[in-house]
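Record features (Swiss-Prot):
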type	residues	note
MOD_RES	15	N6-acetyllysine
MOD_RES	39	phosphoserine
MOTIF	166-194	motif 'Q motif'
DOMAIN	197-375	domain 'Helicase ATP-binding'
MOTIF	319-322	motif 'DEAD box'
DOMAIN	386-547	domain 'Helicase C-terminal'
């Protein structure tokens, strides 16, 4: 036994790298073996067809005598071999691989077990069943959702989209609509758009939650326009409800922008009396989509006959759904119920959108919506991570005004939004800041609609640096480039806090939020501090030790906020004098008008 044979036996099933260990290969004569003349003679002497006879000589040595080839005998042997049952291809490959390698004297030896496994792997790749393909597809979809923090609940879930071009490939989107989306600067869909658009295009009812500034308006606008396909004269076929007129105006503007050139008639109710004539029973019904607030729509529905027809509505979208479902004076639950009942079409589908999940909204949707799909982005009821959040202790109510003036002295980068608890406090803070030499204005429900529109327009144009507002304006309004949000009065809940600070840090931009708090705000601190901590911002250690409020206490605080001291620094004596002068002036004007009439 030479070194080559010994190496082969010891290294059976192993692989040897000749290039890397060339010196050892030369030493042990590892390589393709060159057969000598004796080996070749032995090979020639092999009897494959039984034509040779072995005869022993006197010494007992084996001698081989070759007979002349017999054609008939050879053909018979071949016929017998052809009649033998053929082995399966896989088994044949398994048995032939090691034999061939042994014969060639190659370097790579593979055991029959390894060859069998390799063969099975190859055949498995060729014969992927439909079940395996479906499993692989689901794995890819789940990986994509996890990557973008998309959480989905429901049955038979549609796959998300990765690009807007997929809408053309899979859903045949109107080419003009797709071009409008791209021209508006929306190159890649946001996570909520990736999942919400396919869900609505499949005609599924939806409950969606995503952080502020994540593109929820576009997430329901695109599927509405795609499913309506083209304008018709059947009346309104899509209805979008929002809690404030400012938000409704913003949605209306976005819908008009992306539907340009498609022919859709998109309307908004400005004055109910004019709308009754425009959309009433005698109208031409040349309209497709309506964007409105609940109260204006209820006014039209309560008329006899109704001032608007909603029987052909196919999509009912409720934006800021958790606010609209609230009970009490600030909520719209009763109005929303009337609107739902007015949409009697069997084709109607409903979609709820908000930045925060409310438990009662979720339960209502599960009970009343048909096969609803729940979509949420990131952690539920969490603040957007692009906002730097800070809690600032100011001691008392007077400390808030001092802290505000200190911020003005240090300098700030406008525009700035300042949130207060009530309309009265908004007026008081406005009168205090107007003398600080900054462009400041106030917006609240007691101002006329024209005044509110002018204020919002001036703030967007940069003419106003600081805008004081109440919590209702925190819902959905998209002010471009807001750099700072100041919570002058502490929010009554973590949900309200999330919506307030969501006015900055929108569409991936950075922002900052500063929240003032006093000793009186101690019961509310823990819930807001948890939101700040989840977003990765620092929170003082002593706040983490505060007790949590019970659910009953939280509801009570929301319905009846803390009574706070007046912001106004003017002495009461001068305020009373000013009121008396104002009343006297009004009385004198009345007397003059009476004299003129007489």
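Note: Cβ is positioned from N, Cα and C throughout, glycine not excepted.
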Outside the motif 'Q motif' (166-194), six or more residues from its ends: residues with CB under 8 Å to it: 148-150, 160, 201, 208, 210, 214-216, 218-219, 222, 225-226, 229, 257-262, 375, 377
Model confidence over the domain 'Helicase ATP-binding' (197-375), averaged pLDDT: 90
Residues of the motif 'Q motif' (166-194) by DSSP state, where helix covers H, G and I: 19 helix, 0 strand, 10 coil
Residues of the motif 'DEAD box' (319-322) by DSSP state, where helix covers H, G and I: 2 helix, 1 strand, 1 coil
